[in-house]
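Among the features that TrEMBL reports, region 'Disordered' is placed at 1-35. Marked as compositional bias 'Polar residues' by TrEMBL: 1-14. Per TrEMBL, the feature compositional bias 'Gly residues' maps to 17-26. What TrEMBL records for 34-103, 125-193 is domain 'HMG box'. Annotation comment: TrEMBL describes 34-103, 125-193 as DNA-binding region.
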């Protein structure tokens, strides 16, 4: 649930902003892999931490108590959450742009010790894009052309700056594009799930028919043939019953 998610995020945030340094003497040499992206809640906690340090520079922070208060404040926030979500969107864009040009060091074993990614159906609907991503789609090449010396990270920062400074009326254009794309995604996803459900139901019927006619397959000497052939034969036998 949300509490467990926030607790996991708090643990990650503590290692970044509240860990107190030290203890890293035996760490392997880091490569140039881009810094991982932060969530809206992580940006919120980081901001609270910085504000607290300014007000109470000498105070020793008990992170468990501090994170509990942050979670309570986060629940009470409403419109204020929007700026943290925008910060997260910008950081996501920065991360994805930087990852496009990231090359792991030679000899690095990618993926060891990590969970396998869930299977991604190539026929599944393409996820909807946020307003900021639609903006990046329009502006990325312009920023690159005006600043040929910029790296991927610099381009991401400039896009974030331009988005923050953008007039609300102009920004609404991209927000409308995002809403339209969200509606497209939800409609396609509903149709996709229904299609998957129907296919699974069809598979279950075929499996049931095969099981019912296993005796018939054995009598016909077809039990050692490939499964799809067995299922076709089972369907023929079922039709004869």
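Counting starts with 1 at the first residue shown.
Cβ atoms are placed via backbone N, Cα and C, with glycine included.
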The DNA-binding region (34-103), counted residue by residue under DSSP: helix, strand, coil: 50 helix, 0 strand, 20 coil
Local confidence of the prediction over the domain 'HMG box' (125-193), expressed as mean pLDDT: 89
